[in-house]
Amino acid sequence: MENMQAVNNFVAAYLKKKGFKEAEQLLEDLQNKDSAPIDFHNDPELAKFIHHFSQSEDDVARYQDGYSKLRSWTYSSLDLYKHELLRVLYPVFIHSFMDMVAKGHLQEARTFFNNFREDHELMHSRDLQKLEGVLSQSHLEEMEFARSLRQSKVNIKICQYSYDLLLQYLHKTQSTAMLGVINEHINFQVSSGQPSSISDDAEVVTLIGSCQDTANQINQKEIHWGLLEDSLEERLEKAGGLLSDSEKTEEENKEGDGDETKKRSVESGKQGASTKKLKKEKALNATAKSARPEASTTPAAPRVKAKLPLPLMYIQSTEVEQSILEDLRNRVQLSSVLLPSVSFYTFLNTHNGLNCSSISHDGSLVAGGFSDSSLKVWDMAKLGQQGGSSILQAENDSTSSEHVVGPNGGKRSYTLFQGHSGPVHSATFSPLGDFILSSSADTTIRLWSTKLNANLVCYKGHNYPVWDVQFSPVGHYFASASHDRTARIWSMDRIQPLRIMAGHLSDVDCVQWHANCNYIATGSSDKTVRLWDVQNGECVRIFIGHRSMILSLAMSPDGRYMASGDEDGMIMMWDISSGRCITPLMGHSSCVWTVAFSCEGSLLASGSADCTVKLWDVTTSAKVPRNEEKSGNPNRLRLLKTLATKSTPVYSVQFSRRNLLFAAGALSKNL
């Protein structure tokens, strides 16, 4: 009887320690009623519970032993199922670590973390760096990243047989600690049939729970992804379409004579193109004109009203209309069989100082932002007149911005803009090329005039380095992204931001405007992309699926799709209206620093630190997944072409209005 009382006291102490007040009260009531004694020894379930509790003080050993055995079993599994089972290890690892910290076993948790972190360094290095800072129980509550992990579940897609194998192992080994972690923090989506491909790993492990619930709720909001009503390009296209065939032929003949000379002095001079290239472009133009009837079968994007007042100069300028009309008439309609011509600008002698590059819409100006806080702009027409090559020399000198040309005729090939007091991380040209914005680690954004070669405005508002800045498609407005976890919308005529977009859990690394200027997209180190309404500053879409920080964004010309590139080399194509990933584009082996859609939206160009430019067939990528869900084919896209540089990581890619692809990068001797 004394033994029974001791067990009762033991159980009561456990319930009190764990805070199970209702169970403690129930046990006390049973004892007070002096009911028949409970036979703990003959009740197998209760005996198992008591046995489990007797080992509760040895939680650390159970976590370490349980994870070590699960890891060994997973790695020794059949190759057919191994890659699916390996997906379970990372969430079990991080939650076992956090559970040990939560129970106060800090030293043992640190040892556990260091022993097994190497298994996950390749795919989750940034997450592990954050978790490495968890040194006490309070950190689990104070750190947003750790708190979001503990409040959410990981969603893992797995085939039925892999799921059965895992459950069989857990029950056979009685790994209660591992079973508890899996039950609490992992949600399995079990599918019939064969295991999914290894190439699908990027999209089969996603975060659910409070984060996903929030995303699902936000993604229900209505958005209007169409193009602006009565936009400039729409009016010009209609005006161009009103010309008769004879008038078009006459104009093309006139332009054929005038344009060849003009292109040599302007575009070809700017881009250093040869006569052979001009002939090739002429042939492409001819092919494109014959292909235009096919392109017209694509359904037109809906029209929406602008939420921002549009700049009057952009709407009313006759020169702008004539320039854009000329570009539209000479635009090459690209497709999977008609790829763009590419003009690549290589920066030399940068001494690893180039942080960013930008190219104006017509390719006439190329800008580079440097670690020495300078911004340099090259005029391609002047380079052509000097008879030099189109290779950009970027000597690290300290000449002041007034002395663009040396006194003894020693001409410098670029214009130097100085004003920032920290490294320049981003630069962007206005649609007409008359202004350029630069953002810096000094927390400021500066507006420069390319005609006056002077700094016009310094915009202050961010509290930390500004990683990216982008002009809107209509000019006048621009958006910035910062280390302070916010994005901001500005106008050229005001020194304070118009809107502040807050919601990301980490740095906002890149920003991009929607085609209709009513939304901006932001990519963050928290591995999500968000879409924001510029009118009220609300988040209207959250795109979840990346497994590393997002470095680049691009919007399709019709505003229907968005592409995002991350640190792991993955590009994801998103449907903006639904917030879902259409298809992952896999091919790059390093960071995707830049992505851009062609003018008609049929191709996507991407530039990476792996020294390649890749061209993707967007039309195929957007249509295939529905059919492939039935066939199970993992190859979800067409990689049309890979253009490799000798040793030049690609910093920026951009299509001109005529669908010529510009790209830029700095020659790296370290590769």
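Glycine residues also receive a Cβ, built from the backbone N, Cα and C atoms like all the rest.
Any TrEMBL annotation is an automated prediction that lacks curation.
Features as listed in TrEMBL:
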- 58-186: domain 'TFIID subunit TAF5 NTD2' (DOMAIN)
- 240-302: region 'Disordered' (REGION)
- 255-267: compositional bias 'Basic and acidic residues' (COMPBIAS)
- 347-380: repeat 'WD' (REPEAT)
- 417-449: repeat 'WD' (REPEAT)
- 459-500: repeat 'WD' (REPEAT)
- 501-542: repeat 'WD' (REPEAT)
- 543-584: repeat 'WD' (REPEAT)
- 585-626: repeat 'WD' (REPEAT)
Averaged over the whole of the repeat 'WD' (543-584), what is the pLDDT?
90
Sort out for me which stretch, of 347-380, 459-500, 543-584, has the most Cβ pairs below 8 angstroms to the repeat 'WD' (417-449).
347-380
Who are the chain neighbours of the repeat 'WD' (501-542) in space, where the CB to CB distance is under 8 Å and they lie at least 6 residues beyond its ends?
126, 144-145, 148, 214-215, 218-219, 221, 223-228, 304, 306-308, 310, 467-474, 477, 479-483, 485-489, 548-559, 562, 564, 566, 574, 576, 579
The repeat 'WD' (347-380), counted residue by residue under DSSP: helix, strand, coil:
1 helix, 20 strand, 13 coil
Using a Cβ cut-off of under 8 Å, list the residues of the same chain at least 6 residues beyond the repeat 'WD' (459-500) that approach it.
308, 310-311, 314, 422, 425-432, 435, 437-447, 506-513, 515, 517, 520, 522-524, 532, 534, 537
